[in-house]
Amino acid sequence: MLISAKLVLVVVALCHSAYGSNSPLIKKIHGPGVHYEGPHWSPTESSLYWVDIKGQQVHRLDGSSGNVTTRSIGYGPVTPVVSVKDSPGYLVLCVRTELYLVRWKTFVDDGALRLLGVMDLGLPDNRCNDGKADARGRLWVGTMGKEEKDVDPDQGALYMVDQDNHADPEVKVRPVSVSNGLAWTRSNKYMFYIDTPTRNIDVFDFDLDTGMIRNRRTIFSFESNNVTGLPDGMTIDTDGNLWIACFNGGKVIKVNSVSGKLIEQHKIPASKVTSVMFGGPELSILYITTSRVGLSATQLAQQPEAGSLFAIQGTGAKGYPENQFVFPGAERY
């Protein structure tokens, strides 16, 4: 199903910085949906892609026109979505635990999906969660266990997928409960990672050539810093600061990735903040996805825009061009 909508910039609230001097403006961009997640800025298309996991949809915001278009998936939760390098309009995305290649223009139904590989074989209740490409174009994507009231612990993993191993993705971290945010330093010497229930942001030594990770340690603890909620999606700015979505915390926090110091907290008009990503022509717009899953009628009345895509301008920070998945011959696959 194809849906189009004009971008509507609605001023929702001021974002209060508890530690910095800025009070940037938050604008609602699209929604509400059900469970928005996984924003990805395609540098070659100047467009933002994101998913609605529970709504089983992929959205695309054209950065020039402001148009939002939507594609629907018919048979399972979808996340993440990442653009393909040197193949404009081509994407990789996961449905349940299956990885697919698709072309946006011809993505009119599930028949357009081309299977690349499957993760967590033998665990039919698992699904993929967050994912990003590294600077060599390898896709890092994590999984999580069965979702009921709580997620079954230690049932997921973090995988690395490339053009050669996509039929049999390589496990990099196991066990994992809820694989989530990923980010790399500009030097590509370090990779940051979130397994949500730990309430920690961890860092690995990272070898860009081989994709090897080692020496895992915690650089920031929600508990030790009295941060409410759970760490979810994450991105990094050009100053090396991490921006982390706080699920059930109603905010985005900014953390120095070297010292682990909490720098800023930006309030969001939705309690379930799921992910963040820099985009826009100067990579200075912070896009924020949120969810309304599990909110009561009273809570929805208090936060009617929960489940929307928001944007913050004026944080003073900029991101890096987002890495893309390298898959030569995508057009012929």
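The backbone N, Cα and C atoms fix where each Cβ goes, and this holds for glycine too.
Feature list (source: TrEMBL):
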- 1-20: signal peptide (SIGNAL)
- 37-291: domain 'SMP-30/Gluconolactonase/LRE-like region' (DOMAIN)
- Glu37, Asn180, Asp232: divalent metal cation binding site (BINDING)
- Arg127, Asn129, Glu147: substrate binding site (BINDING)
- Asp232: active site, proton donor/acceptor (ACT_SITE)
Site diameter for substrate, Å, by largest Cα distance between Arg127, Asn129, Glu147: 12
Asn180 (divalent metal cation binding site) versus binding-site residues Arg127, Asn129, Glu147 - nearest by Cα: Asn129
Number of Cβ atoms other than its own within 10 Å, given for Asn129 (substrate binding site): 27
Residue from Arg127, Asn129, Glu147 whose C-alpha is spatially nearest that of Asp232 (divalent metal cation binding site), among the binding-site residues: Asn129
Glu37, Asn180, Asp232 excluded, remaining Cβ within 8 Å of their centroid (divalent metal cation): Gly38, Asn129, Asp130, Val178, Gly181, Ile194, Thr196, Gly233, Ala245, Phe247, Thr274, Ser275
Spatial neighbours of Glu37 (divalent metal cation binding site) among the binding-site residues Arg127, Asn129, Glu147 [C-alpha, 10 Å]: Asn129
Cβ contacts of Glu147 (substrate binding site) (under 8 Å, same chain, 6 or more positions away): Arg127
